[in-house]
């Protein structure tokens, strides 16, 4: 097996309020390898979203080790986390999370705008147009998100996640806001991306789509992770 | 740094919230406009370019001051012969001129307009190098004692009275019984130095010889007269204080010599002080304009408190967008510059609106406040003002962006998208809210209290009783024309005849002759030195006027003691409004 893109060991997440302590994750061990399509499922409140947010450096674990491509990232500063998120992680959200005020083109250009090393305009423009072409949305480049259907918005969200060429694509309930036809199309697109070499980690409730992954992880309680296909945790 | 993409995104974003944008632009534009207008004005008064006259730093006005027992008793009044003596003195001055600001009636023009007249020696217009639209200035042949009746008119007079006729130089103006041939018209751009009164524009300059000072005063060292002064260009290298001192010593000696033997001269001294043109022209304008600028600053602060609230509310609404940007790798600085772009655009448009308002209000000020504020004629929108407006906009943009940025909890913002919108990244702290609201209320209260104080004070002044009834009392100003040079008896007889004619009118119940109106602004009363006893110790400088026996009864002025002046009086009689103790 190839080297893991990310590796978690003993990841714990505790939310503290004035009244109580809530353990969202307890001692999670997880490795995801290059080219894998990992699906994480489980009941509501089991910590799927918390895990995804720690995977995407949107949140810090309370304890444990987390490495992305061999670099320890568990306790990065906000700024360092933002840089790694921008360069190595792509996000696809259930509710698309496109910015309504910006055109499709400007939405997908966002990750490139935050690069440490600025990308020349001609180069980024070419890349953006190619990406739109790939998902058949070139003709919608100047449209605003609210002028698109749900399926089209999710395709744009996928393009935005991929445009920065991330090492890992984190996908949170990608079909949650779509009808079955659009949901199928989006899943087919993700499957195709994986076939082309993109590493994916997807959280989903839908067993049909979870089964499309090469590895399925099931979180039943905050501290327990089952692996039906492979032992990797 | 702000990038084009940030600005483009900000524009698109603002386009979706037009009411919000318009509110901020109007609120700030108007408040900033007021501040920038006052900055423009104060810059003009305090830091602006020098006066538009050659060697302006050597131009001085010389006025007399009277001291009694070393206390200033009368300021800015001069002895006529002293002015002429100074004019003839060439020790300190490169060039020197006499000037007397007055008003008179042009008798040969339709409607006999009353205009501002300045009686000057030929050097006066040369000192300021007054540019001419037509003709010439006075020349040395038309100097003192030449009595050549010529006139230079202002561009406005030429425009209003002669419709800019090129033949104006062939025409004349009649003042009293004298026809003054027009020899020149000042250029449109000539800015007359307002050394006598702010906003006063001379319509016609006439030779000094024709000023209406009575012959008795022309050689009288006892009388101190207003409106007459000397303007001079000091020789290079001469200290104005030394010149003032030496001139004063010289004139005081002349004064003492002229009044030798009179007891009133013992304790008095005169001073002729050189006052720079700049000080004379500015007067106390700057104090007032700086105070008003302070008021506009408070107004801007109130507006800023309002705008801070609006911007914070909008930031709270934009938190989802910020969270998306953060999820995609935006750093704090990216969010800050995005905020700065949006706020900066609003501030820029507000600054442009402020500049536009400044341009409009500056023109309006020239019309409204010409008599209250000096150098308004020269007021233009200058580069420092434009820079000030833009710097204010930049400062406010950075200030607002920083305030909003400090309210953003980036760590919470990070988690927003993952927690399905349950969290929040921008929460305006109660303390900030309280500070904003309290400061708004405090500043508004301050403005209201100060405005109310000013209003109440003004209201008291306006509505305070005059001390005598003014209903049905009308004032008729007479131009005595050629009687100026007549004897006092002739003038009196003529004026009494006019009064008799007036009394024949069925609507006229009574009429009185007086030198001044009861409350005179344009023509100040004379000042006379009065003493209680023959020793003339501790005299009082009293405002004085000349009236007939009907004046006080028409006005119903109350008497404290004694009686009103009657017609039988032959010698001098004084009616005092104050009892000396």
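Heads up, the Cβ atoms here are built off N, Cα and C, so glycines get one too.
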Which stretch does TrEMBL mark as transmembrane segment, out of B:381-404, B:405-428, B:477-500, B:501-524? B:381-404
With the ranges B:334-361, B:530-557 to choose from, which does TrEMBL describe as transmembrane segment? B:334-361
The transmembrane segment (B:334-361): which same-chain residues, six or more beyond its ends, come within Cβ distance under 8 Å? 1-3, 6-7, 9-11, 13-14, 21, 24-26, 28-30, 32-37, 40, 311, 315, 322, 325-326, 381, 385-386, 389-390, 392-394, 396-398, 400-402, 404-405, 408, 410
Given the transmembrane segment (B:435-456), its same-chain partners at Cβ distance under 8 Å and 6+ residues beyond its ends are 295, 298-299, 301-302, 305-306, 308-309
Determine how many residues of the domain 'ABC3 transporter permease C-terminal' (B:297-408) DSSP places in helix, in strand and in coil. 95 helix, 1 strand, 16 coil
Who are the chain neighbours of the transmembrane segment (B:381-404) in space, where the CB to CB distance is under 8 Å and they lie at least 6 residues beyond its ends? 28, 32, 35-36, 39-40, 43-44, 47-48, 304, 307-308, 311-312, 315, 336, 339-340, 343-344, 346-348, 350-351, 354-355, 358-359, 362, 426, 432
If you average the pLDDT over the domain 'MacB-like periplasmic core' (B:21-249), what number do you get? 90
